[in-house]
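Peer 1: Here you go, one structure.
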Amino acid sequence: MGRRQILAGAGVAALAAPGLARAQGEAIRIGEINSYTAQPAFLQPYRNAWLLAQEQVNAAGGINGRRLETVFRDDAGRPEDAVRLAGELVNAEKVSLLAGGFLSNVGLALADFANQNKRLFVASEPLTDALVWSRGNKYTFRLRASTYMQSAMLVEEAAKLPAKRWATVAPNYEYGQSAVRWFKELLSRAKPDVEFVAEQFPALGRIDAGATVQALAAANPEAIFNVTFGADLTNFVRQGSTRGLFERRRVVSLLTGEPEYLDPLGDEAPEDWIVTGYPWEQIDTPSHTPFREAYRRRWNDYPRLGSVVGYDTVMAIAALLRKTPTLETEALVEAMSGLKFQSVLGPVEFRAIDHQSTMGAFVGRTVLKNGKGSMADWRYADGKDYLPSDDVVRTLRPQA
Amino acid sequence: MENLVLQALSGLASASSLFLVASGLTVIFGVSRVVNFAHGSLYMLGAYLAWTLVTTLPRGHLGFWGGVIGAALLVGLIGLLVEVLLLRRIYRAPELFQLLATFGVVLIVQDLALMTWGAQDLLGPRAPGLRGSVEIVGLRFPLYELFLIGVGPVVLALLWLLFHRTRWGTLVRAATQDREMVGALGVNQRMLFTSVFFLGSLLAGLGGALQLPRESVNLHMDLSIITEAFVVVVVGGLGSLSGAALAALLIGELHAFGILIVPKITLVLVFLVMALVLVVRPHGLLGKPEAAARGGQGSAEPVIGPAPPALRWLALAALAVAVVLPPFLGDYAVSVLTELAIFVLFAASLHLIMGPGGMASFGHAAYFGLGAYGAALAAQWLGAPMLAGLALAPLMAGIFGLVFGYFCVRLSGVYAAMLTLAFAQIAWSVAFQWVEVTGGDNGILGVWPDAWAAPKLVYYYLALALCLGATLFLRRVVHAPFGYALRAQRDSTLRAEAIGIDAFRIRWLGFALAAAAAGIAGGLFAYGKGSVFPTYMGIPRSVDALLMVLLGGVQTLSGPIIGALAFTGLQEQLVRLTDLWRLILGCIIVLLVLFFPQGLAGAARARWEARHGDA
């Protein structure tokens with residue numbers, strides 16, 4: 001048992017104690033699979049918030065008197081292991097539904113498993129559009145705003161810029177490639193006179209930042225669309241700032257406003273980039289403030305975006321379970337289509353048409369505040385406004 | 001034009017960083033012949049320790065440069081500890097066995113680093129005095145990159161002086177050329193090995209520490225650098241410092257200019273370079289042919305005889321359990337058993353070329369993955385039924401085994417192993433990037449068995465029959481004249497050829513046969529999982545296969561079987577039990593390595609022979 005699990009277990013025991021009297025009956029078990037050892041930076045805050053949400057649900061009496069219980073599994077970033085563990089959770093641990101997934105290919109593998117074994121799978125994080133569109137299936141639902149949605153949010157801002165010559169830089173795998181493809185397509189549609197003068201696809205996690213920055217600079221673009229994140233982003237920003245790549249150029253950047261990726265940059269966080277992200281310290285809404293404070297009390301740390309995703313996945317599942325009297329999969333899937341729940345970010349619906357939730361993202365620009373990166377002039381972009389029309393969705397999801 | 005100059009400079013800076021890491025690796029390999037998988041971990045520790053020191057020490061030149069040097073020295077000491085406590089005890093084990101030990105260290109360091117420094121990436125301060133940039137041909141270039149460009153040649157020069165102008169250096173060079181002779185002349189080899197390990201680790205630590213002003217410090221640094229460092233070492237020629245420098249330069253520059261023309265080449269470039277260089281120059285750019293092994297090097301490979309009766313009974317009993325028990329187990333246990341059967345075949349196929357064949361492969365997952373893709377592509381594009389897909393799997397893997405093998409088996413030792421890795425990575429990147437056909441990294445989904453084989457139990461028996469059949473066939477092959485020829489060319493190519501054995505052809509066919517067998521395993525795995533991803537032929541899976549064979553013991557036929565069962569079973573259990581499975585698995589591997597240097601099956605046999613006399 002891991003250190004965190006012991007801690008978490010103790011926490012569950014302590015907090016669940018008062019609820020226990022009320023929440024009786026056999027616990028409802030959720031099977032959660034994620035790349036905990038491969039992606040700890042995102043997934044530790046994710047699991048912390050997951051546990052917090054579960055404790056809150058149980059303290060409030062559980063689901064119709066039954067406690068929620070989660071069995072966590074680590075796929076180590078390998079889709080084939082995720083499939084094996086899914087089998088274990090369903091067959092040996094007797095979980096009622098599956099959830100989780102960080103990497104897109106793990107998400108797709110689990111989705112296919114769910115489809116084959118007729119189990120509900122609530123994908124929390126994987127961003128790939130294929131999960132709900134080209135390879136979407138009846139049993140799979142996704143919470144997080146997809147690559148398409150987040151690209152569309154940024155295109156809206158990018159189209160307002162005067163820049164005509166664009167360059168793109170993205171990690172060389174499906175997420176990076178799709179993001180660039182959507183960005184190009186949507187921006188060209190919104191502003192037919194833009195041209196894309198350079199593109200770079202560094203290997204994920206192994207960017208040769210100096211050469212990449214220089215290659216972009218050589219094309220002399222007016223603006224840059226960035227999809228790199230994590231260590232690649234840090235190295236890209238460092239080389240780019242020293243070499244003056246970002247001077248007199250606007251940068252539009254996916255995910256960069258998320259504390260997971262912005263905070264490691266410290267006082268070197270880039271300023272005035274247009275980003276999607278999560279300005280956790282500034283969001284004072286009735287749904288977000290209690291979450292932030294509860295998270296702080298429970299974990300003595302501030303929430304990251306992963307925390308929101310973890311917390312809301314549990315809340316979505318809780319809303320689902322409250323809606324259905326039975327744990328039978330077909331009934332769960334039925335109830336999940338069109339399910340509405342109050343997320344930390346606002347009301348969210350799992351669309352019946354493609355099983356994508358309407359959770360949005362915050363769009364704003366980066367600023368430096370007290371030697372730390374932060375977001376300013378941000379707004380919440382509701383996911384429902386950034387999805388293609390139903391007719392288009394039907395062509396993108398022909399099988400369903 | 002100005003841009004091209006800067007691009008070249010950027011390439012130089014990367015080359016210099018790469019050289020620092022690779023130089024340590026090549027020095028260690030040259031003397032001790034240890035394939036030090038943990039070199040990347042030492043590099044990562046260098047960066048983390050430098051971060052801690054630099055951020056705690058007072059700001060300024062002393063704090064920064066003192067921190068960098070201090071981190072390098074600390075990493076040198078850690079390397080020294082690893083050598084004294086672990087590697088020193090297993091130098092006499094079969095070739096590549098040390099790789100298993102160093103892999104255990106990799107796992108341990110990953111979890112320790114996560115526990116010590118946390119999950120979030122760390123950004124170190126910039127180097128004092130080198131924060132800004134200078135104008136070169138009218139464009140800005142970071143000062144620190146210029147500094148790095150200088151560091152590489154300076155380190156190279158210092159190492160050259162050390163190796164050519166000191167007594168210690170002369171001894172190291174002598175040992176690189178001929179270890180036994182140096183020992184015979186009365187040189188204290190232990191001290192020599194330990195000090196070389198200290199130096200090599202120090203260079204890794206320095207390489208990591210010097211990245212601090214340039215890159216974020218994160219938990220993925222170890223594995224992202226280790227393959228590239230190996231490529232540089234091999235392309236340059238094992239043990240050759242100037243070769244490593246040349247290779248680093250080549251790769252750094254090719255990368256810098258390559259991305260201007262083909263931006264998506266980043267995934268595969270270094271492996272393309274390595275494949276080309278090794279095909280043209282089998283010992284790297286500046287490497288020398290390895291000295292022919294004398295009889296005394298390691299222990300002579302034991303002759304493989306028929307299994308002793310006790311072992312046969314044991315095997316029969318295990319088979320009986322594998323056949324009778326599953327109907328009483330749950331679906332999950334059955335699917336785990338299916339996986340075990342598949343990995344037994346996968347390990348056995350690698351063992352054929354590693355044990356009897358005498359050639360290591362670092363890229364065996366390629367054939368596993370090609371089998372899986374063969375089956376999946378047939379299902380996806382041709383609508384082939386499962387049995388056709390399963391038949392296509394070994395065919396696809398076997399054909400590529402013939403093609404890749406043709407080049408690989410001409411080489412020997414680590415060069416051959418690295419060429420297999422290069423081909424595996426090329427195959428991997430094709431699967432990764434040819435999105436229209438293979439689905440890219442999102443893989444091919446919906447490769448489920450036909451209705452009759454859909455129940456887990458039926459599929460298990462199918463997998464068991466095929467895997468067991470193929471494994472027994474491989475065992476039969478080893479005992480057949482072909483197997484004798486295979487072992488003959490391993491033990492002495494010269495003598496084997498003198499009696500009319502075409503060593504190249506035998507090795508080539510052995511390689512293709514192993515590939516085809518791995519393909520069967522891959523095909524079964526694809527249908528067992530229902531999906532196929534490029535990870536099936538990624539480096540981690542190749543490493544897994546190596547670990548299974550080494551853990552079980554290269555020198556026994558039952559080794560890969562026991563190794564596959566032990567490794568897969570252990571990992572499956574640990575992953576479900578604890579978050580710290582890497583730490584525990586690493587510790588177990590290290591302990592097994594220390595106590596069973598012949599592998600599990602090798603140790604069992606040694607004990608058996610001690611009690612019952614030579615069977």
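Counting begins at 1 with the first residue displayed.
Glycine is no exception: its Cβ is also placed from the backbone N, Cα and C atoms.
A TrEMBL annotation is a machine prediction, not a hand-curated record.
What TrEMBL records for this protein is below:
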TRANSMEM  B:6-29  transmembrane segment
TRANSMEM  B:41-58  transmembrane segment
TRANSMEM  B:64-87  transmembrane segment
TRANSMEM  B:99-119  transmembrane segment
TRANSMEM  B:139-163  transmembrane segment
TRANSMEM  B:191-210  transmembrane segment
TRANSMEM  B:230-250  transmembrane segment
TRANSMEM  B:257-280  transmembrane segment
TRANSMEM  B:388-407  transmembrane segment
TRANSMEM  B:458-478  transmembrane segment
TRANSMEM  B:547-568  transmembrane segment
TRANSMEM  B:580-600  transmembrane segment
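Each of the listed features needs to be described in terms of its position in the shown structure.
Peer 2: Beyond its flanks by at least six residues, the transmembrane segment (B:6-29) meets 35-36, 39-40, 42-43, 136-137, 139, 141, 145-146, 148-153, 155-156, 159, 172, 196-197, 199-204, 206-208, 210-211, 214, 225, 228-230, 232-233, 236, 238-241, 243-245, 247-249, 251-257, 260, 414 of its own chain at Cβ-Cβ distances under 8 Å.
Outside the transmembrane segment (B:41-58) by six or more residues, the chain places 21, 24, 64, 66-68, 70-72, 74-75, 78-79, 105-106, 109-110, 113, 116-117, 122, 124-125, 201, 204-209, 211-212, 215, 217, 219, 221-222, 225-226, 229 with a CB less than 8 A from a CB of the stretch.
The list of residues near the transmembrane segment (B:99-119) in space but at least 6 beyond its ends in sequence, with Cβ under 8 angstroms from a Cβ of it, reads 34-41, 44-45, 48, 51-52, 82, 86-87, 90, 217, 219, 222-223, 543, 546-547, 550-551, 580, 582-583, 585-590, 593.
Note on the transmembrane segment (B:139-163): residues 2-3, 6, 9-10, 12-13, 15-17, 19-20, 23, 27, 126-127, 129-133, 169-170, 172-173, 203, 206, 210, 213-214, 241-242, 245, 248 of its chain, located 6 or more positions outside it, place their CB under 8 angstroms from a CB of the stretch.
Residues 12, 15-16, 18-19, 21-23, 25-27, 29-31, 152-153, 156, 159-160, 163, 176, 270-271, 273-274, 277-278, 283-288, 290, 414-415, 418, 421-422 of the same chain lie 6 or more positions beyond the ends of the transmembrane segment (B:230-250) yet place their CB under 8 Å from a CB of it.
Through the fold, the transmembrane segment (B:547-568) approaches residues 94, 96-97, 99-100, 103, 301-302, 304, 307, 311, 315, 339-340, 343-344, 346-348, 350-351, 354-355, 471, 475, 478, 589, 592, 596, 598-605 of its own chain, all at least 6 residues removed from its boundaries and within a Cβ separation under 8 Å.
Sequence-distant neighbours of the transmembrane segment (B:580-600) (same chain, 6+ residues past either end, Cβ-Cβ under 8 Å): 86, 89-90, 92-94, 97, 100-101, 103-108, 110-112, 547, 550-556, 559, 562-563, 566, 570-571, 574, 606.
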Peer 1: Could you tell me what the rest of the chain brings near the transmembrane segment (B:257-280), counting residues at least six beyond its ends with Cβ under 8 Å?
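Peer 2: Distant contacts of the transmembrane segment (B:257-280): 4, 7-8, 11, 227-228, 231, 234-235, 247, 250-251, 407, 411, 415, 418-419, 421-423, 425-426, 429, 432-433.
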